[in-house]
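Structure, as structure tokens:
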Amino acid sequence: MLFRSWLPSSMRHRTLSSSPALWASIPCPRSELRLDLVLASGQSFRWKEQSPAHWSGVLADQVWTLTQTEDQLYCTVYRGDDSQVSRPTLEELETLHKYFQLDVSLAQLYSHWASVDSHFQRVAQKFQGVRLLRQDPTECLFSFICSSNNNIARITGMVERLCQAFGPRLIQLDDVTYHGFPNLHALAGPEAETHLRKLGLGYRARYVRASAKAILEEQGGPAWLQQLRVAPYEEAHKALCTLPGVGAKVADCICLMALDKPQAVPVDVHVWQIAHRDYGWHPKTSQAKGPSPLANKELGNFFRNLWGPYAGWAQAVLFSADLRQPSLSREPPAKRKKGSKRPEG
């Protein structure tokens with residue numbers, strides 16, 4: 001503790017109270033964004049609460065700390081050079097604004113979802129402020145390749161070790177060293193799979209290297225992933241599924257969280273259970289008793305018909321609630337609002 005107490009302020013994690021001059025803010029009520037619900041819910045795996053209500057992580061190859069009050073989102077940026085110690089620039093604030101997609105009104109979306117779905121209305125009362133991040137497609141792709149048959153804690157560890165081994169070193173704060181996300185060439189290197197296995201990625205190591213090589217050698221590089229942002233949802237989903245280690249669920253995660261496809265509904269065991277338990281949903285096109293490609297597509301259509309073009313965002317609210325308070329959902333299947341359209345599978 002003595003060592004940490006003597007670190008210069010430029011080498012320590014900041015808090016809003018300890019260095020207010022180095023922070024800037026964006027008007028943003030908690031009903032539009034709850035950092036604790038968004039940054040620790042399995043969207044990104046690179047944010048940690050380093051001090052109470054202060055979240056630190058890497059965004060756009062810079063290290064940030066975020067916190068919030070009832071009506072403001074605060075941020076500070078560590079640039080790695082004492083001569084550049086200053087509050088975030090307008091450009092950096094714009095980066096944060098785009099990352100949280102703050103141009104999308106959660107109030108309007110929640111109001112619509114509650115008007116057509118009584119179950120959502122009940123759950124949302126305690127889970128305001130859940131929104132989708134707009135992540136870098138490369139980081140999102142390889143993070144979710146690591147998510148196969150995994151949980152949030154283990155995925156977080158895998159992604160962190162991957163960044164430490166293959167990503168550029170950015171800065172050390174207290175006893176934490178931050179790294180940027182690796183580029184495709186680093187992940188496609190001849191020794192990458194062996195190294196990734198030693199880091200605990202298991203069979204996913206082969207998929208990480210193979211997908212990096214496929215993008216570089218068959219698709220022309222990272223620009224291909226960026227171009228999928230403007231492709232139709234079905235086209236982008238199909239293209240992602242050609243990559244090693246990317247199935248329908250992982251492709252939907254990438255579409256939703258990195259490729260501007262808010263209608264994408266990733267289906268895993270949690271979402272399947274929510275649909276079965278809280279909506280009385282059963283697949284009509286297959287006999288599947290759990291997630292499968294055909295049944296997952298049917299379930300995605302069910303939720304898209306119910307919630308509309310931002311169905312993936314609504315699903316994220318229920319997913320976040322189910323992770324934290326599954327008892328909220330242990331009631332008879334939801335009744336739709338009188339007069340609302342009954343979705344079809």
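Cβ coordinates come from backbone N, Cα and C, glycine included.
Cross-referencing Arg197, Arg204, Arg229 against the DNA binding annotation in Swiss-Prot, which names Asn149, Arg154, His270, Gln287, picks out Arg204. Under DSSP, Gln287 (DNA binding site) is assigned to coil, being neither helix nor strand in the three-state scheme. Counting other CB atoms no more than 10 Å from each candidate's CB, the binding-site residues Asn149, Gln287, Gln315 peak at Gln315.
Cβ neighbour counts within 10 Å, taken over all protein chains shown, single out Arg204 as the most crowded of the recorded positions Arg204, Lys249, His270.
Shown in sequence order, Lys249, Pro291 are the residues of the chain, 6+ apart in sequence, with a C-beta less than 8 angstroms from the C-beta of Asp268 (8-oxoguanine binding site). Taking Cα separation as the measure, Pro266 (8-oxoguanine binding site) is nearest to Asn149 of the binding-site residues Asn149, Arg154, Arg204, Gln287. For Pro266 (8-oxoguanine binding site), the Cβ neighbour count at a 10 Å cut-off comes to 26, with all displayed protein chains included.
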